[in-house]
Amino acid sequence: MAKALAKSGKRSLLTLGVALAGGLVVTHHTVPPTPGPLGVAGIFNVDIGAMLLTGMALAVPCVIGIVFYAQWLDKRYPDFVPRTLNADEVNAALEQYNKEKEQKDLPSLTLSLLPIVVPIVLIFLKAICSTLATVEGWSGLATHPVVQAINFVGSPVIALAISVLLAVYTLVPRMDKHTTAERLEEGLQSAGIILLVTGAGGALGTILRDSGAGQQLAEQVANLPISPILIPFIVATLVRLIQGSGTVAMITAASISAPILAQIPGINMLLAAQAATMGSLFFGYFNDSLFWVVNRMMGVSDVKQQMVVWSVPTTIAWAIGGTGVALINLLFGSGGSWLDPLLPIVVLAAIMLWVRWQAQGIKDKLVVKD
């Protein structure tokens, strides 16, 4: 998509690629029903609908920050415009495109979006019905048959099961059963580590709670000079930096911090869950698969240049998201400090100074291949 837009609009492939990939990674890390936020919501025992709404609200400024950075890249490196093709290359590309299009039986846009939109709508409806049922005068709404049906299909497990069935019967109608089963097995294999970490985290939480260690840790955390709400943020940041996977980072942070924060009175668990998701955005680099996808798509090969192109945008989103969570906690939560929003900002400022220093020698080196 970035290459197509760059060619048709004569815009920088670097700018469009960073902006589009940034929007993808932020929503993947913060908005259910992607596996990471969904697992974090379950560990912190928060409503999926509330997680969805707050994740979307926090994702917007993060994406805006990445877009501004992408525009800065365009101004800093104005030569990153897709190479103009000659007539023979254009005709060859068009012929190849038409040939591939005839060979592929692709689903329509509506069918492609259906498995994504349906579970989100169902979860939204359940959240709305649950909220209305708590309003005075609407208490009988919860027993209405239609509302009970919405609550059933809007539960995350059922909504996502419906999404899988829609994907199987609408996106791959011409696949035989064996091929379809193989595709489903691939999905289960990729989800295995998430299920393992989530299960281990649940066991850890039970041990901490029943042994009394959770209470002891909670008392120590409460005495730290930082807000308890930043604990999952910091843990997710460290795990992300060490092993690369944002999903594993946020679920690990949630598994470690949820049983501790549950022992501290007044902690907003929804904000704690969002803190874990935001911390997992930090500085995507070599051990992050999307790092290679984005840079290879744009043809960036130098290590320092790759970090400027992708590691910095993810850190910008991390800083904006972490600051947003800290500010919301100050306004609507408890146990916060006005120093909390400064932590991500200071880290981002240090990284941006490094980028500015690196940029002095990058301008003539960075080559973006079309």
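Just so you know, glycine gets a Cβ as well, placed from its N, Cα and C.
Annotations in TrEMBL come from automatic prediction, not curation.
The transmembrane segment annotation in TrEMBL covers 51-70 (among others).
Residues or ranges marked as transmembrane segment by TrEMBL: 109-133 (among others). For the transmembrane segment (109-133), the residues of the chain that approach it from at least six positions outside its boundaries are 32-33, 47-50, 52-53, 139, 141-142, 147, 150-151, 153-156, 158-160, 162-164, 166-167, 170-171, judged by C-beta separation under 8 angstroms.
Summarising the annotation, TrEMBL assigns transmembrane segment to 153-172 (among others).
Sequence annotations record features per position, and here TrEMBL assigns transmembrane segment to 192-209 (among others).
Here the transmembrane segment (270-295) has long-range neighbours at 17-18, 21, 24-26, 29-30, 36-37, 40-41, 43-44, 46-47, 50-51, 54-55, 58, 62, 228-237, 239-241, 243-247, 249-251, 253-254, 257-258, 261, 301, 306-307, 309-311, 314-315, 317-318, 321-322, 324-325, 328-329, 332-333, 351, meaning same-chain residues at least 6 beyond its ends whose C-beta is under 8 angstroms from one of its own. The transmembrane segment annotation in TrEMBL covers 270-295 (among others).
Counting same-chain residues at least six beyond the ends of the transmembrane segment (307-332), those with a Cβ under 8 angstroms from any Cβ of the stretch are 14, 18, 21-22, 25-26, 30, 58-59, 61-63, 65-66, 69-70, 73, 227, 229-230, 233, 237, 268, 271, 274-275, 277-279, 281-285, 288, 290-291, 294-295, 298, 300, 338, 340-341, 343-345, 347-348, 351-352, 355, 358-359, 362, 366. The transmembrane segment annotation in TrEMBL covers 307-332 (among others).
Sequence annotations record features per position, and here TrEMBL assigns transmembrane segment to 338-355 (among others).
If one looks beyond the transmembrane segment (51-70) by at least 6 residues along the same chain, the residues whose Cβ comes under 8 Å of a Cβ in the stretch are 14-16, 18-19, 22-23, 26-27, 30-33, 37, 40-41, 120, 123-124, 127, 270-271, 273-274, 277-278, 281, 312-313, 316-317, 319-321, 324-325.
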